[in-house]
Amino acid sequence: MMKIQIYGTGCANCQMLEKNAREAVKELGIDAEFEKIKEMDQILEAGLTALPGLAVDGELKIMGRVASKEEIKKILS
């Protein structure tokens, strides 16, 4: 099972990134577990300098912007 981590404090951009990621996973039919990481120490430990962020299986893929559903689908496939 793929693990997708959404880094953010719950802001509108963070929520949009999560929505796009969930839609991408659904459209691709991927079995994935989502984890929201809101604690600033964990966000900094992951190496993020801007929010929101998205990691796949612990590897940071997106930082500081809201990726489109199509971009996320490319990352996941």
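Glycine too: its Cβ is placed from the backbone N, Cα and C atoms.
For CYS11 (active site, nucleophile), the same-chain residues 6+ apart in sequence whose C-beta sits under 8 angstroms from its C-beta are LEU51, PRO52. What Swiss-Prot lists as active site, nucleophile is CYS11 (among others).
Summarising the annotation, Swiss-Prot assigns disulfide bond to CYS11-CYS14. Mapped onto three states, the DSSP output places CYS11 (active site, nucleophile) in coil.
Per Swiss-Prot, active site, nucleophile is recorded for CYS14 (among others). When other Cβ atoms within 10 Å of the Cβ of CYS14 (disulfide bond) are tallied across all protein chains shown, the result is 20.
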